[in-house]
Structures are given as C-alpha cells and as structure tokens.
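Remarks on the structure that follows.
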Amino acid sequence: MTAALAAAWAQLGWGSLAVAGFATLIAGLMRGYSGFGTAILLAPVYSTLWGPRAGVPVMLLMELFVSAYLLPRAFAQANRRVIFSMGGAAILATPLGAYILFVADGAVLRQAIGGFVLVFGLLLMSPWRYHGSRPLGLNLAIGTVSGLLKGATGMSGPPVILYLLSGPEAAAQHRANLILYFGLIGIVAVIPPLWGGLIGWPVLLLTALMLPVLLAAVPVGARLFHVLPIAWYRRLALVALVAAGLFALLG
C-alpha cells in the first residue's frame, strides 16, 4: 500500500493539483447553489489532467459525499414522482454506459466529454427550453440517456438539467429535484468502476486531496443561493462550463 501511494504521489504535479483544486472549488460553489455542477465541470477537467479512467472515478466518489450532505433537506421539496421514474431508468442504464468507460480510448473519451460540456453550455446560453409535459415515457427516456452518460463519462446532468429546469416550479424545487436525482444515480454509478478495478490507491489519493475543497465549497454555495441573484449565477456558471469544455478539447 505504501509503495502504491508513493508511486501515485510521484505522478502528481503541483500545477495539475492547483488546476484541479481551483476547478473543484468552483464546482462545489455551483453544486451548493444550484444542485448541479460537480460532474459537468469536473469530468472534463479531471479527465484531461489524469485520464478518464482515473478522473471519472474520483469525481464519482466525491459526488457520494456531496449528495449525503444535500439530500436530507432536498428530499421533502422534490417532485418525487418525476425523479423516481427518471432515476429508476438511469440506474438500469448506468452499467451499460460504464462499459464505454472501460473500453473506449482515453483521448477520444476525454475530447467527447469536453465537446459534450461545451455544447451543453452553449445550449444553456441559448433561449431554447423544453416546454412540454412530463409523461412517464419521456421521464424514462431522459433517465435512460442520462444513465448511459453517467456510466461512460460521469456526467448524467445535461439532458436532465435541460429537461427539469424547463418546468414551472420555483427555483427551490428545481434545485431539490436535481439534488435528489443526482443522489439516487450517484450511489449506483460508483459500483461499475469499483467492480472493474478502476478505484485503486491513486484514485483514492486524488479523492482525499480534492474532497476537502469540495466539501468546504458546497455549504458556501448553498448559502449564496439565498443572496446571489440567479442571473449573476447563470452567467458565471456558463463561463465555467465553456472554459471546462475547451480545456478538455484543447488540453
């Protein structure tokens, strides 16, 4: 164990740790404020710095701790009928998506993650929103796509966020819906990389280094939800998403 940790530490550069720490700080503020942002921001950054097969498991482990902090209060506010149907489909689809993480070329997967985040950021910047109803079939379809993405890239958020934020609910319920959904799927998403041997000492070391930053930032973001105007947050979040996507594409 000591030799494995020493080898893992030797591979880490201070520059990459600084970039990862800054991205983790921003992601924690976003997650605490809006209920999302951890995976979408960190998956491209971590995958570029450490490769998808290390970066994605690190991010998945950190998600578990964040969800445990945010879930209790969000559970009562969320639309559980919609979230449980989407979450059930996503849970079944996540292991299928994880197969892509195991077999895909790391560089190709990193660029795909970056491109996906960039497109998602641009979609959020556009005026387009889905304004239809939320029937069971569509809930299941969105959940399935989200689960496939979660398993392959660690990011279940883009289709779910665009779908859920289009509804007439207040901002507090939007936030609760996202927290509950990501909490449900986050528990299952850790199982395939753990079973497949991707979660070893290097991943645990990186998680131990980044997790305190994330846990410190999330409560601050949650407090900002009550004081920072949503328009300000939206602009800052979009800049962060576009920057993360370009970092993965060009890194």
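Placement of Cβ uses the backbone N, Cα and C atoms for every residue, glycine included.
Among the features that TrEMBL reports, transmembrane segment is placed at 12-34, 54-71, 83-102, 108-125, 178-195, 201-220, 232-250.
Contact between the transmembrane segment (232-250) and the transmembrane segment (108-125) is present: at least three CB pairs lie under 8 Å, with pairs separated by 6 or more positions in sequence. When the stretches 54-71, 178-195, 201-220 are ranked by Cβ pairs under 8 Å to the transmembrane segment (12-34), first place goes to 201-220.
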